[in-house]
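Undergrad: Before anything else, here's the structure in question.
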């Protein structure tokens, strides 16, 4: 354990890797060498940092699978960020949390739609009742004789002499 966390040991291994790469790739026109060296250095540093961390986490935690999974996901996300990707790896727990949040939001929206639909139905029923009260309904023929005091009106055939007494007559006056 001491050997894994020893800084001098880590630096000597990095120097050894760089020297090995320099001897393998002796071409001075090699343009990608610094990038390859930095990636390998980063991978080595991640290896040296993650192994002791995982050993300690496995010894101290009760649920080792979740810790290992979280460490691996964190390492891969770090590598993706170093490579310039914006995407991240998510675990099933995070996906389930997001799905629960989406389902909860959908339920809330469905409840809101249900409330609004109920209110709209109540408003339509109220408008229908108001419309029914405002519309003119035909009740058939209305007896208007009581309204104009003509209950005893007779027709021409009903008069005794056969003439209407209210019909105007010609009147001649003497001068």
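A Cβ is built for glycine as well, from the same backbone N, Cα and C atoms used for every other residue.
According to Swiss-Prot:
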BINDING   120, 123  Ca(2+) binding site
CARBOHYD  8  N-linked glycosylation site
CARBOHYD  18  N-linked glycosylation site
REGION    122-175  region 'Required for interaction with microtubules'
REGION    159-175  region 'ICP binding domain'
TOPO_DOM  1-28  topological domain 'Lumenal'
TOPO_DOM  52-175  topological domain 'Cytoplasmic'
TRANSMEM  29-51  transmembrane segment
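For each listed feature, how buried is it and what is near it?
TA: Taking Cβ-Cβ distances under 8 Å and a sequence separation of 6 or more, residue 123 (Ca(2+) binding site) has no neighbours in its chain.
There are 14 other Cβ atoms within 10 Å of the Cβ belonging to residue 18 (N-linked glycosylation site).
Across the region 'ICP binding domain' (159-175), mean pLDDT in this model comes to 69.
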Undergrad: Taking the Cβ of residue 120 (Ca(2+) binding site) as the centre, count every other Cβ atom within 10 Å, in any protein chain shown.
TA: 10
Undergrad: Where residue 120 (Ca(2+) binding site) and residue 18 (N-linked glycosylation site) are concerned, what is their Cα separation in Å, rounded?
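TA: Their Cα atoms are separated by 74 Å.
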